[in-house]
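**Student:** Before I ask anything, here is the structure I am working with.
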Amino acid sequence: MEDEMSLQEGEAIEVIHKLLDGWWVVRKDDITGYFPSMYLQKSGQDAAQAHRQIKSRGAPPRRIQPVPYRLELDQKISSAACGYGFTLLSSKTKDVTKVWGMGLNKDSQLGFHRSHKDKTRGYEYVLEPSPVPLPLDRPQETRVLQVSCGRAHSLILTDCEGVFSMGNNAYGQCGRNVVENEIYSESHKVNRMQDFDGQVVQVVCGQDHSLFLTDKGEVYSCGWGADGQTGLGHYDITSVPTKLGGDLAGVNVVQVATYGDCCLAVSAEGGLFGWGNSEYLQLASVTDSTQVNVPRCLPFSGVGKVKQAACGGTGCAVLNGEGHVFVWGYGILGKGPNLVETAFPEVIPPTLFGLTEFNPGVHVSHIWCGLSHFAALTSKGELFVWGKNIRGCLGIGRLEDQYFPWRLQVRSCHAEEPETVPGTSVSGYTAHCPELCPKA
């Protein structure tokens, strides 16, 4: 697909999708691309009238959203996730529609979205939140607990019908057999996974692999394993979710984290474990190897008990029980431009998250990351972001990278001026990032 299509005056095109920001997806012969709707003239429309409309509408809108934009949805969204150019949203509602998707859908990572013109065809681009159909046995009873997105695949966790996967399965990341030369575009395939020893309580997509955490504290994985990210003791692909061993054997895991090709796990005792890619010093504290195919304990000193972990493409972060954030790896880590890489965790000063003598109780309560940026939510409900600001994904109103935590201003739909709105969940990928805020 072309990014911005070039059209000559008088050319006939087909409008595929009408974007809400004024850019439409159009097709000319076999080429599909974007074009500002204000410059399109309907068949039979008077040219002078069309020209007057163009002048009255002004310049075409920007394709980059540098500040948070509220999506108006009827349901209360409880989980949000970003993939490479696509987003999933879910609600714990008992209504039939529980999941919505938008963005790229070339691998059917958002499910099959039927074309209005040809009922046998599906859309490769979904331009506004649209229902994602799930083959549920009890659609009015089952709740969706969580969604997660990878490079081109998606995972959906339910409370009583297992895990559903959609999208690209070239490496077994959807937990089903790899089919040679399978066509993923316009696919109806939705895979259900239920063969776990215990109930799955968390799902996480890496780039091309998947992690599953059960209520027994056990971790399963499948997908691409060239960097050891499946943690199964080899570097091959795995199409069946398989339980991890190594240093995780017998450990009660309470959280897993991955976004790129490195993985972290947190135990109930506050221990930290890692495996996968270590080209950027993520696991350099325990090994010189750049690919680690079994979970290793990361006995960091001075960190204390780990409460939560976040693992991006090149950098990692952990939150300890005292509400302090530690970072390591490579990239913009949050301590300024002078800290580019480190194999051992360094604490981000708590004052950067709002701790002062007038606010002595402020601490970080949750952390998240994308491939190259981070987010932290404080006990006051303030959201801080830092890292690579690709296409304005940090939402800070400008396009420059952010080297220190920056408090994000979210415009409430009930306020004329920007205000800080308590967030409940954040997800990010390469160039976009959604956040969840409670409705007023």
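Cβ coordinates are placed from backbone N, Cα and C, and glycine is handled just like the others.
So TrEMBL says this about it:
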DOMAIN    1-45  domain 'SH3'
REPEAT    97-160  repeat 'RCC1'
REPEAT    161-216  repeat 'RCC1'
REPEAT    217-269  repeat 'RCC1'
REPEAT    270-322  repeat 'RCC1'
REPEAT    323-380  repeat 'RCC1'
**Student:** Run through the repeat 'RCC1' (97-160) and tell me, per DSSP, how many residues are helix, strand and coil.
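**Tutor:** Secondary-structure composition of the repeat 'RCC1' (97-160): 0 helix, 27 strand, 37 coil.
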**Student:** Using DSSP, how many residues of the repeat 'RCC1' (323-380) fall into helix, strand and coil, respectively?
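**Tutor:** Helix, strand and coil residues of the repeat 'RCC1' (323-380) number 4 helix, 25 strand, 29 coil.
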**Student:** When secondary structure is assigned with DSSP, how many helix, strand and coil residues does the repeat 'RCC1' (270-322) contain?
**Tutor:** 0 helix, 25 strand, 28 coil
**Student:** For the repeat 'RCC1' (217-269), what are the DSSP-based totals of helix, strand and coil residues?
**Tutor:** 3 helix, 23 strand, 27 coil
**Student:** On the 0 to 100 pLDDT scale, where does the repeat 'RCC1' (97-160) sit on average?
**Tutor:** 92
**Student:** Just to be sure I understand, if DSSP states are collapsed into helix, strand and coil, how many residues of the repeat 'RCC1' (161-216) fall in each?
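**Tutor:** Reading the DSSP string over the repeat 'RCC1' (161-216) gives 0 helix, 20 strand, 36 coil.
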